[in-house]
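Just below is one structure, and these are the notes that go with it.
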Amino acid sequence: MGKVTIEPLTRLEGHGKVTITLDDSGKPTDVKLNITALRGFEQFVVGRPAEEVPRIVPRICGICQTAHHLASVKAVDAAWGAQIPIAAEKLRELMHLGNMIHSHALHFYYLAAPDFVLGPDADPAVRNIIGVIGAAPEVAKKAIAMRRFGQTIVEAVGGRPIHPVTGIPGGQAKVFTEEKRDEILTEMDAMIEFGQEGLAIMKSLNEKYLDTIKTLGVIDTWYLGLVKDGKHNFYGDTLRFMSPDGKETMDFKPSEYTDYLGEHTVDHSYVKYPYNKKVGYPDGLYRVGPLAMINVCDSMATPLAEEARKEFVETFGKPANQSLAYNQARLIELLSACERTKQLLEDPEITSTDIKAEVQPKAGNGVGVVYAPRGTLFHNYETDDNGIVVKANMIVATTHNVPTMEKAIQQAASVVFK
Amino acid sequence: MADKVRLGLIQLCGCSGCHISLLDLHEQLLDVLPALDIVYAPIVADVKEIPEVDVFCIEGGARNEHDEHLMHEIREKSKVVIAWGTCAVYGGIPGLANLYKTEEINTTPYYTKTTDNPGVIPENGIPKLLDTVKPVTDVIKADYILPGCPPKPALNAAAIVALLNGKDPELPKKIVCDECPREKENVFPKEFKRSFEGTPDNETCLFEQGYTCVGMGTRSGCGAMCPSANMPCRGCYGKTDAVLDQSASTANTYANAGAPALEIPDKVGLLNRFSLPAALISKKVQK
């Protein structure tokens, strides 16, 4: 019997390792994904005034901090019964899209692309973004430009490019100026083009590695995503589960999430294993993120992305169950985020000064959900009469995927060690 | 330190925001990167063993035994260690955990209402939590500190350039108020407001309007980003060199407002938002 430990897991944020136990013939008998970090946000937001929590929880993740900021402020609004002005809603969505563009560009070009652009057999020491800059400088420059564009939007709307601050109960703290809007618009069409080019690169890489994509890490799971009127929506209002064969869907509202989501503690990981409660554990394990989002929606909300989604369905099926198809799904979302950003920038209401309603703190229970770049994100707080947090529950994006990542690694190990 | 600097980067008990802020040099990355040989950086490159390095930037403090172990290994293998970002220097937001017993931090997540098997506490193949969150500077000697949550890209770049030229990186010495464009009349508020109350005037000092800004106790360097976005400073760059303790120096100003300051909710979480593990008060809180 042998043991293989893969540590640290790289090109991710957070901390994990993989332990693979092998039998005498070298076949894996047990494969575990250990998530090795726990920080305790669910405990230490307790006792804090709820309006401060959107300024604390972004530190859960420095990449998708905006998603945490927004899910958090949505949860406080819900707990206190605040109705926010439409313009504030649009500003929050715009801030969110900026974060989505930065993060999806980061994830694809900086983290995933090195394996494809330089090839999976390239020396690990060069298989990174710096290797990409050397091998394909034009691709790298576009990646940098897209990230900058996204971060510029978050800074303009959220006050800071990392850990934004302008979401407050009742709306937004800062008006978006026409000057800033016009400045950002000058780059908009170029970004939509880059989005299309990224997708083209991915499609050509897919052809090259199609055998790998169709065999490695292919697993059947449920999918969970966010929609609005059935359409793909990063900032949507309805959660949707889809069964592994695509035949069954379940729609529910954020406030109903405890009826649909359960979490199961396992001994070998700080992360709990979420599952579809209507199905049970472990049959109800599901995936979130771009693949799930593309799987569960009826259509994309923007035209170029919808075309790309149809092609995706032709290549991978609906639902697609290939883990490596995440990359193409992510690029469809990146294009869609750019298209939607343009719509919002061209909306005259985006520079409105009517961005905040008066609110009163009160005892309540609120759930806030957005689609973080790696998957659906839940924040849920209970507050006391003074609006101080007394209880918190958070199910963060990657958490949903951990059990099925483990499954995909188990499947991959059985292929690699056969 | 001429030629290429062998650089190591790691995120421990942080959020990777400092790494992202380095990437936020954007196009300037193409100028900076050729001077660097990034020999270890789990977040962007697939290297498993920590090699000998010239400069190691540690993001985040120590939350568990493994973090602490890695800090010692990094110290042994590095010529220069930088405590990178506020979590590394002062403990940062995760340091708020020090207001609670370690047992609560370790068990609360396993009793939430969505947990179907409450009370099972994971312990296999994962590192044990330390009793408190510890900044890098509590565990090993750091040659330099680079605070900020996260440090601005320009601060990151300036530190790298200084080290390339064999100089010590320099930090801003002033306070956030010195960078803040809002007008001050040097008056103290008669009452304090929470950030959702009313609409602040865009031109004048948020503290003087009664909002709980802590810029007067906080090192500059951010360009007063939060007050510029109509939100009070929360102290993310930590204290200045001139004082012993961030919360004490801030509280000193607040005390001038008299009794209303006593009504502010969660004073410990406000005045020590980013620096509790390094604060004088933390020793008392743990009793």
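Each Cβ is built from the backbone N, Cα and C atoms, and glycine gets one as well.
Model, not experiment: these values are computed from the prediction.
The Mg(2+) binding site annotation in TrEMBL covers A:GLU42, A:MET394. Around A:MET394 (Mg(2+) binding site), a 10 Å sphere centred on its CB holds 23 further CB atoms from the protein chains shown. Look at A:MET394 (Mg(2+) binding site): DSSP puts it in a strand.
As annotated by TrEMBL, Ni(2+) binding site applies to A:CYS61, A:CYS64. Following the DSSP three-state reduction, the secondary structure of A:CYS64 (Ni(2+) binding site) is coil.
Taken from TrEMBL, the feature Fe cation binding site covers A:CYS64. Close to A:CYS64 (Ni(2+) binding site) in the fold, though at least 6 residues off in sequence, lie A:ASN99, A:SER103, A:ALA372, A:PRO373, A:ARG374, A:LEU377, A:ALA397, each with a CB less than 8 Å from its CB.
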Structural state of A:GLU42 (Mg(2+) binding site), classified by DSSP into three states:
helix
Please report the number of other Cβ atoms within 10 Å of the Cβ of A:CYS61 (Ni(2+) binding site).
25
Roughly how many angstrom lie between the C-alpha atoms of A:MET394 (Mg(2+) binding site) and A:CYS61 (Ni(2+) binding site)?
13
Tell me the Cα distance separating A:GLU42 (Mg(2+) binding site) from A:CYS61 (Ni(2+) binding site), rounded to the nearest angstrom.
14
